[in-house]
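*Asks:* For reference, the structure I am asking about is given below.
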2 protein chains.
Amino acid sequence: MTTVHTHDALTARAETLDAQSPLHGTRDRFTLPDGVIYLDGNSLGALPSAVPAVVGDVVHRQWGERLIRSWNESDWWSAQTRVGDAIGRLVGAAPGQVVVTDSTSVNLFKAVVGAARLRPGRTVVLTDPDSFPTDLYMTDSAARLAGLEVRRVHPRDAVAAIAEAGEDLALASYSSVDYRTGELWDLVAITEAAHAVGALACWDLCHSAGVLDIRLDADGADLAIGCGYKYLNGGPGAPAFIYVAERHLADFDQPLTGWHGHARPFEMSGTYEPAPGITRARVGTPPLLSVLALEAALTAYDGLSPADVRAASLSVTGLFIEALDALGVDLPLATPRDDDHRGSQVSLRHPQAFAVVQALIARGVIGDFREPDIIRLGFAPLYVTHVDAVAAAEHVRAVIADREFERPEFTERGAVT
Amino acid sequence: MTTVHTHDALTARAETLDAQSPLHGTRDRFTLPDGVIYLDGNSLGALPSAVPAVVGDVVHRQWGERLIRSWNESDWWSAQTRVGDAIGRLVGAAPGQVVVTDSTSVNLFKAVVGAARLRPGRTVVLTDPDSFPTDLYMTDSAARLAGLEVRRVHPRDAVAAIAEAGEDLALASYSSVDYRTGELWDLVAITEAAHAVGALACWDLCHSAGVLDIRLDADGADLAIGCGYKYLNGGPGAPAFIYVAERHLADFDQPLTGWHGHARPFEMSGTYEPAPGITRARVGTPPLLSVLALEAALTAYDGLSPADVRAASLSVTGLFIEALDALGVDLPLATPRDDDHRGSQVSLRHPQAFAVVQALIARGVIGDFREPDIIRLGFAPLYVTHVDAVAAAEHVRAVIADREFERPEFTERGAVT
């Protein structure tokens, strides 16, 4: 009877919180399959309901009927900066500083080389050893070409390492949220420390844009990159974005000098001259089906402030943790309980984490596994409600308490991003 | 009466050629607006009829319903190499050497830096001063980072310049077709000359893939890049491709080391280890709406051999030139009349080329303008018929003979790609 009582109490509380949420009703802006609690929006965001009609229009009318004329008539030419500005509104960036282009990996390459050129003579780049691997690989590769030294220093030690590097430091490049644990780092402190020695800071917003109250301009970030297909819901492999603070734009000298970044691309000059402003971070012709799907997806944020989204995210993840406690699930949390140190996911540790994730998926609770022992559950507050959070906690309880994860069908390994 | 006679004779000949063409009926594989003769497939290919249903499925079912599970269940993970192999069939590349990824610009950056690393100690890169500008910009930027010297040498002088550079030469990087004039260059001779001094050759196939009988493997190309949105009809900004010959793959050390190029991406190792094979040329998560649209588009080539496509292309462009002659259009041809030196476009010169192009567009004949005086008309033989070619020639005659291009509405300039 205790479980029933706990269920009823948690569900009642969840319903109240949902009703009072500033995001009440935003789930209706998404198309989700029945019977699914989708906690993997930090890997691939759900389908916003506005997307299919826009993609259909892009294919049939813009491409099929208008053909090449759509560069002007459908304003394809400004799509990347237009969508960049829309993302800018979610990450505290005034217009003209964000562009949608390429992948996060490619944009980090531009950022690292570009930062080194903004700080000539400085050779050290600091980054997190626990970064998402592509950040490490791309930083290493940029360093190899640009003659830099990469120091991998944990974010909690970054301020000290910045002071130690001093005037050798060109760039401190950190993610605001650890992709595995969901721990939130103090990028403001890292940025201030970098500025104190004359260096720059680059923020990786892959796990922050669209769920945190990021304030790039106000907090003095120099550069930022992020992903379009996670909490921004742009669709599989949606193009990424890059932010360059206004004060650096005129001197931002990025290494992937494609014709879409040229000041006057149709003059077909043989000499590269970067476009004024953030347009210079563009490279080749962008994948417009994906760019315009992302634009449509961002309308799911219409009328929502980043502060409201962040509050809802903390409320949902907080209730999920509370429900785990109440239900007696005693798995170690990899994610901080403290609101000030938690992104928008809750990660649990379990020696058979892979099988636990498979068992949850079989129950319709879709999360993902990360090496070595992480059950990663992302909460996209636009479509994951408090009621979902309580139901997800009950599924976790059942999988663990009934040892469902030991069933053979859940132990076979496959590739899941 | 002469004009009527000429019209009838040309049209009859065109109808016969269409009926006999190995590509007879392939126009039905495309959705084109009524009243349009589309001669800009070298800028943005037309919409293949197979695409909309596939894109709808990707959006609704693969993304919307299967969500993250589509990486396995819809085999997103192998899409880039699967589509790469499909392109390989059109450019004479055996499976496992082509991958769809990024933009042409980004792929050229990988190719130039990768080539230099395959030929350490060599510092010279040769390229065409009349290349499409992005090739020049990216080559310059790669050279700046990798410590190379770029020599811009016209393709007709390339063999001599290769011999002169000798063992300093790392790479000869040339387009097979001049994007403005449509002139076809002898990349086989350039490749043989490069190999004779121990260097590599990279082929830019943007204006060749899907219309020429390219034989990368047979002709010994080392590297190649190309575009998915021109004659391959993958849609606006469709991802590009890169080819690395099998013999170079194990040592191909490209600079954009993203996690999708890693041997075991889900181990999340902090150390980059390139995947075996062409997968190492992948970088970040690819824009799957665009990748899978390109895959669907390529089915328009089902059952067609590159040799047949090339024959049809030459037949259509040849008839267009013949029709211009017969109709008394005496604009200078920028494109060689000789089949052996002509790509799949016919470019004409006119001092008011921009206005001529606008006047043609008003008549439903869509081509494009290229600085300074080029009327560029691309013939995609899968959907441009011999009858279209004759009709287009008659429109050109009318625009020139009646001086339609002098009308004020045709002289205003705007951006058209």
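Cβ from N, Cα, C; glycine included.
Values in this document were obtained by computation on a predicted structure and should not be read as measured data.
Pulled from TrEMBL, these are the listed features:
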- A:THR104, A:SER105, A:PHE132, A:PRO133, A:THR134, A:ASP135, A:ASP204, A:HIS207, A:TYR229, A:TRP259, A:THR285: pyridoxal 5'-phosphate binding site (BINDING)
- A:LYS230: N6-(pyridoxal phosphate)lysine (MOD_RES)
*Asks:* What's the most sparsely packed of the binding-site residues A:PHE132, A:TYR229, counting other C-beta atoms within 10 A?
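*Replies:* Counting other Cβ atoms within 10 Å of each of the binding-site residues A:PHE132, A:TYR229, the minimum falls on A:PHE132.
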*Asks:* At the Cα level, what's the spacing in Å between A:LYS230 (N6-(pyridoxal phosphate)lysine) and A:THR104 (pyridoxal 5'-phosphate binding site), rounded?
*Replies:* 12
*Asks:* Going by DSSP, give the three-state secondary structure for A:THR104 (pyridoxal 5'-phosphate binding site).
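*Replies:* SS state of A:THR104 (pyridoxal 5'-phosphate binding site) = helix.
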*Asks:* Have a look around A:THR285 (pyridoxal 5'-phosphate binding site) and count the other CB atoms within 10 A of its CB, chains all included.
*Replies:* 27
